[in-house]
Amino acid sequence: MVKMGVELVLTYVAVLLAMASIVAFATDPTQLQDFCVGVNNPVEGVFVNGLFCTNPVQVTADHFLFKGLNIAGNTNNKQGSNVTLVNAAKLPGLNTLGISIARIDFAPYGLNPPHTHPRATEILTVIEGTLYVGFVTSNSANGTNQLFAKVLNQGDVFVFPQGLIHFQLNIGETAAVSISELSSQNPGVNTIANAVFGATPPISIDVLTKAFQVDKRVIQYLEAQF
């Protein structure tokens, strides 16, 4: 009887493991590019969803090392901010690990403008200074978009969910620095203003005037900035 009981338990375990394996392989991997159009002939392919792998016998510790994140980025620009992203393209050892890191430098009152990461959730830690940060939810059933925002000081941590519009503004009179970890080796970034008013070729002005409910001259002015 004991032997039969053990065999029954082992059978259940085997079935559960088999079911878990089916679930594990039942979904596609997350995309690592905006799109990846399939080709019938592999010779015609240029990109893969990620990177090709180095032969393990040729891998060294240097493949897992990046130097320079201690160096401040140049914030001498219109927004007064600079993002130094370390992804799989800069740190090969990150390939397939689903993570990357970024240093964000802010001049006094500098802004990392509203943007999204289509493939990553971001968790930000303030290293120096004071930041006003926030994200906006996607459209709700009643047509509203809720803003979640906080003022962060040194050592504070804030999370921006994947794909949602978010921003960071230095509200101090001195420079600020933050570090972000992102849940993708290639999180991507879509800066809202650049995408809407600086697309190539440009989005039809008829679309934008109706979307923003403003005069065409306003749209033309905004497009001229990008």
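Each residue, glycine too, has its Cβ placed from N, Cα and C.
TrEMBL does not curate its annotations; it predicts them automatically.
The signal peptide annotation in TrEMBL covers 1-26.
Look at TrEMBL and you will find CYS36-CYS53 tagged as disulfide bond.
Per TrEMBL, domain 'Cupin type-1' is recorded for 67-220. When pLDDT values are averaged over the domain 'Cupin type-1' (67-220), the model yields 96.
Marked as oxalate binding site by TrEMBL: ASN112, HIS117, GLU122.
Every protein chain shown contributes to the tally, and the Cβ of HIS117 (oxalate binding site) ends up with 24 other Cβ atoms within 10 Å. Taken from TrEMBL, the feature Mn(2+) binding site applies to HIS115, HIS117, GLU122, HIS166.
Over all protein chains present, the Cβ of CYS53 (disulfide bond) has 10 other Cβ atoms lying within 10 Å. Among the recorded positions CYS36, CYS53, HIS166, the ones whose Cα sits within 10 Å of the Cα of ASN112 (oxalate binding site) are HIS166. Here the Cα atom of GLU122 (oxalate binding site) is found 10 Å from that of HIS166 (Mn(2+) binding site). It is HIS166 that, of the binding-site residues HIS115, HIS166, has its Cβ surrounded by the most other Cβ atoms within 10 Å. When the alpha carbons of CYS53 (disulfide bond) and HIS166 (Mn(2+) binding site) are compared, the span between them is 33 angstrom. If you count neighbouring Cβ atoms within 10 Å for each of the recorded positions CYS36, ASN112, GLU122, the highest count belongs to ASN112.
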